[in-house]
Amino acid sequence: MKALIIDDEPLARNELTYLLNEIGGFEEINEAENVKETLEALLINQYDIIFLDVNLMDENGIELGAKIQKMKEPPAIIFATAHDQYAVQAFELNATDYILKPFGQKRIEQAVNKVRATKAKDDNSASAIANDMSANFDQSLPVEIDDKIHMLKQQNIIGIGTHNGITTIHTTNHKYETTEPLNRYEKRLNPAYFIRIHRSYIINTKHIKEVQQWFNYTYMVILTNGVKMQVGRSFMKDFKASIGLL
């Protein structure tokens, strides 16, 4: 699992990081001390669990938690604070737990186990849905170039872009150029993984390496092969939803 600790006190962040490492089972544990760092972290990573203090320097933690819950796939939120008077508000936000400082390892582990149990159930359901969606789409994409038809496995397709009448299909080990329009391929791609981010670009969300803020309040997507593709302004809402920011 991936965890994000949001607290403006370095000692509290260090203590939680230490306890989570002692509990184990975390692929990544990151920290943020304010709203800006939190939003940047959520843009880059999809977290399973967030430890959130109520009193932050620039915003109330309850208000920040409400914003996080509006994400398409919000992480589990565990409020970790020295104040007990916000517990009712926290649970109204469907918080997984509410832990008071000073932290104890057993109490933290109890909260983490709640998240793990819920995640295991959700993963099983999501896997079943993804399998159903995939069953309705071909696993390969036929690409005709000259006198050959290349059958490209969809999971190996990183992204597709078009420029000056040439459509380039980037895969994990090669790139293919054709004069077929982007729309022709878009209809054949599995929407569980592929999304159009620009009138000239389609990407496989499983191959997003990094997302950077770009001009005019848009994003630049860096794919796993290093190729960069800009998100068009009219595609921003769908893109943010696809990576869990709405």
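Yeah, the Cβs are placed from backbone N, Cα and C, and that goes for glycine too.
According to Swiss-Prot, the domain 'Response regulatory' annotation covers 2-116.
According to Swiss-Prot, the feature 4-aspartylphosphate maps to Asp53. The Cβ of Asp53 (4-aspartylphosphate) lies under 8 Å from the Cβ of Ile6, Asp7, Asp8, Glu9, Ala12, Gly61, Phe79, Ala80, Thr81, each of which sits 6+ residues away along the same chain. DSSP assigns Asp53 (4-aspartylphosphate) to coil in the three-state reduction, placing it in neither a helix nor a strand.
Here Swiss-Prot flags 141-245 as domain 'HTH LytTR-type', drawing on sequence analysis.
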